[in-house]
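Peer 1: So TrEMBL lists these for the protein:
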type	residues	note
SIGNAL	B:1-26	signal peptide
DOMAIN	B:44-179	domain 'Cytochrome c'
BINDING	B:Cys66, B:Cys69, B:His70	heme c 1 binding site
DOMAIN	B:198-323	domain 'Cytochrome c'
BINDING	B:Cys212, B:Cys215, B:His216, B:Met298	heme c 2 binding site
There are 2 protein chains.
Amino acid sequence: MNTSRIFTACHCVLAGAILFSPLAIAQDLEPLPASAAADGDTPEKVELGKKLFFDPRLSATGTVSCNSCHNLMEGGDDSRATSMGVNGLTGPRNAPTVWNSVFQASQFWDGRAETLEEQAKGPMVADVEMGMVGHDQVISRIKEIPGYVDEFAAAFGNGNGVTIENAVKAIAAFERTLITPGSALDRYLAGDTRAMSEAQARGMELFESVGCVECHSGPALNGWHPASDAEFVEFPRYNDLSYTSKYDLETDRGRSKASGDDGDDHHFKVPTLRNITLTAPYLHNGQVPSLDEVCRLMAETQIGVELTDAEVADLVAFMNALQGEFPEITLPRLPVRSGETVIHDSKSFTVGNE
Amino acid sequence: MNTSRIFTACHCVLAGAILFSPLAIAQDLEPLPASAAADGDTPEKVELGKKLFFDPRLSATGTVSCNSCHNLMEGGDDSRATSMGVNGLTGPRNAPTVWNSVFQASQFWDGRAETLEEQAKGPMVADVEMGMVGHDQVISRIKEIPGYVDEFAAAFGNGNGVTIENAVKAIAAFERTLITPGSALDRYLAGDTRAMSEAQARGMELFESVGCVECHSGPALNGWHPASDAEFVEFPRYNDLSYTSKYDLETDRGRSKASGDDGDDHHFKVPTLRNITLTAPYLHNGQVPSLDEVCRLMAETQIGVELTDAEVADLVAFMNALQGEFPEITLPRLPVRSGETVIHDSKSFTVGNE
C-alpha cells in the first residue's frame, strides 16, 4: 500500500471500532460447524422439508420452487442478477445462497426475517417469486395431495398437520442440513497448514490486515456468532466513487425499507463468503459480474483501500479456499394426486413455435 | 355394453384391423425392459448428460432446464396443461413424460424427432421453451464453464468435445436410464397373479376387450415394439362429440404440421400409459383435467364406446397398476465458472414487492 492508502486504512480501522463489535474482530475466522440441527428437527421433518423445498407446485404456476432460485446443484443461488419468478417476473435483489443460511442472525438482504422459518413464508406469496395469493392457497394445494397430508401427519402428529407454520418448520429443518464444511480454510484452521496454497494464505492475511474481517468474521465470514444479534452495515460507506453509479448502488435503500428507520438507510446484512466463488453475480442487486471486481469494489467502498492486481488475485485465491464440501442429496420423489393435477390455473396458454 | 355399443365396438375392431398392425394386437401387453442402454453409452456420458439435463443455464434466462418441464421428481412432466418456458412464455402442447421415453419409435406428440438425441436439440432453441437463439449459443455457454469442458473431453475424447451433437448424445444416454420397471402389471406378467387387485385385473381385461390395447400395446403401452416404425393415429376419430369443443380437440392439427402431408391431419403419436396416474392433466393440449375423464373421452372418441362408471373405475384401477419403480437419482453437482456467471442477459430487472 502507498502512504495515502495506509492513512485511509487506519481511518477505517478507527471507524470500524465504532461501527463493529470488538468481539467480531477478536474472534476473526472460525471453522464451520458440521451440524446445526435445532431442537425438534427430526428425520421426518427434514425429509418433508426437502420435498417442499424442491416442489414447484408451491408456486401459482407450478414452475417455481425454493430450489429454482436457491439451486442446490450449484451455489445455492441461480446465476442471475435478480431471480425470475412466476410468469417471467423478476425482483430487485440477488438471491442469497441457501447453503449455510442457518449461520446468520437474520434472513434476506435487509434482515427482515429473523428466522429461516419466517423467511420461508415470504417468497411463496411474493408476486414476483412464487406468486401464491396467500398462505391459505399454499396450504389448500398441499392438502390436495394425499401423500403430503400423510407426511405432515407423520412429522407433526395427526389432526391439523398441514399448516403454514408446520410447512416452514419442515423447510427450515431441511435448510439446517445445508452446510458445507471441509473447505481448505476449515482444514487449515484445524491445523493442516498445507490445506491452503501460498496465495490463499497471503489472501487470508490481507483479508485480516486490510480490514475485510471486520465485517466478514466468524464461521460463515458474515459477522455471525451463535446467539449474537443481527448487525447491519452501511453500504456503500464511501459513495462518492464511480462504482456508485456504475453498479447502481444508491437505488436500493436496504434495511430502512424493512425497519422504517431512516438511520438504517443503505444498511445491509453482511452476506456469508462461504462458497462465494459459486454465487456470481454479486451484491444485493447482482450488478457486479465478477469476484475480482467485487473485491476491488468492497475494498474501496467500505475500507477506502485501492487494492493492487496482485492483492486482488490473493484475495480471490483466499475466496477459493472458502468453497466447502457439499452433502450428497438424493432427489426426492414428490407425492402426486393420482390422476389429477393440482395446478388449476395453467389452462390459459399462448401458441408459440412448438 | 348395450347393443348399440357392441355394434360400435365391432365397427372399431374392423376399422382397427385396417388401421393397426395385427402384430400389435397379438403381442398385447409386455413387461418393461429393465435397461435400454445404446452402444456407446458410458457412465461418463450418462453422468454428463444428467448434469446437462438438470442445468438451467442451458436456457436464455438461466431458469429453465430439461427437468423444469420433465420433472424427474414427479411423473417426468410438470403438472401443467402446457409448459412454461423462459420469461413466462407457454407453448401449445402438454409436456410428455421423459420416463421410459426411450421406448417409443419417435419423439414429440407429432413424432417430428426420430431419436432422443434429435428431440433434445429442440427445446433448447424454441423461443417459448429454453429460448436460446441457436445451438451455437448453447455450446458457447457450456464452453465458458471449465468443468464441462473437462467432462466433455473425458466422455468424448480430447479436442472438439463440446459440440451440440455430443451434448445431445450425453443427454440421450442419461434419458435411456430413465426406466420404471417393477409395476404391478410387470409383476403380474412375470407370474405373480396377486400383484394386481381384482379391480386392476378387471380393468386390464376391459382394456383388452374394449379395444384400448389396439393402440396402447407393447411394453410401454404405446404401440411401440423394438425396431418398429413410428405409427400415428387419428385423434379424435369421432369428432362429432361434445368433447371436441369442450376440450378444443380440433385446433391442433398434429402430425400434418410436421410432415406437411394433409393425410396426417389430426394424427398424433400414441403416448405411453406407463405412470399415467402421475402425469395429469391429459392429452396433447393438456385440457383434460382427470384420468377418469380422459378414459371416458378416449373410449368415445377413438372406439365409439360409452363406458359405465364401474368400467371407468376398473380402467383407472388398471392405470394405477402401470406405476413403476423409480430409480434413485443423486442430485448432480453442476460445474460452475469460478467467480463469474455465464448468464449474461439477466441484468435487466423490474422492481417488484420484494
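Placement of Cβ uses the backbone N, Cα and C atoms for every residue, glycine included.
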Peer 1: Name, in the order they occur in the sequence, the residues of the same chain whose CB lies under 8 A from the CB of B:Met298 (heme c 2 binding site) and which sit 6 or more residues away.
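Peer 2: Listed in sequence order, they are B:Cys212.
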Peer 1: C-alpha of B:Cys69 (heme c 1 binding site) to C-alpha of B:His216 (heme c 2 binding site): distance in Å?
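Peer 2: The separation of the Cα atoms works out to 24 Å.
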Peer 1: In whole Å, how far is B:His216 (heme c 2 binding site) from B:His70 (heme c 1 binding site) when you measure between their Cα atoms?
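Peer 2: Here the two Cα atoms are 22 Å apart.
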Peer 1: Could you say whether, by DSSP, B:His216 (heme c 2 binding site) belongs to a helix, a strand or a coil region?
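Peer 2: The residue in question, B:His216 (heme c 2 binding site), is coil (DSSP, three-state).
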Peer 1: What is the set of residues, excluding B:Cys212, B:Cys215, B:His216, B:Met298, whose C-beta falls within 8 angstroms of the centroid of the C-beta atoms at the heme c 2 site?
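Peer 2: So the additional residues around the site are B:Phe207, B:Gly211, B:Val213, B:Glu214, B:Leu221, B:Val270, B:Leu273, B:Gln302, B:Ile303.
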Peer 1: Quick check: with B:Cys66, B:Cys69, B:His70 left out, which same-chain residues have Cβ atoms within 8 Å of the centroid of the heme c 1 site Cβ atoms?
Peer 2: B:Phe53, B:Ser65, B:Asn67, B:Ser68, B:Asn71, B:Gly76, B:Asp77, B:Asp78, B:Ser83, B:Ala95, B:Val98, B:Pro123
Peer 1: Could you give the Cα-Cα distance between B:Cys215 (heme c 2 binding site) and B:Cys66 (heme c 1 binding site), in whole Å?
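Peer 2: Approximately 28 Å lies between the Cα of B:Cys215 (heme c 2 binding site) and that of B:Cys66 (heme c 1 binding site).
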Peer 1: Could you tell me the C-alpha distance between B:His216 (heme c 2 binding site) and B:Cys66 (heme c 1 binding site) in angstrom, no decimals?
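Peer 2: Per the Cα atoms, B:His216 (heme c 2 binding site) and B:Cys66 (heme c 1 binding site) stand 26 Å apart.
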Peer 1: If I restrict to non-local contacts, at least six residues apart, and a C-beta distance under 8 angstroms, what lies near B:Cys66 (heme c 1 binding site) in its own chain?
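Peer 2: Spatial neighbours, sequence-distant, of B:Cys66 (heme c 1 binding site): B:Leu52, B:Phe53, B:Phe54, B:Leu58, B:Val98, B:Ala120, B:Pro123, B:Ile171.
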Peer 1: So if I draw a 10 Å sphere around the Cβ of B:Cys215 (heme c 2 binding site), how many other Cβ atoms end up inside it?
Peer 2: 24
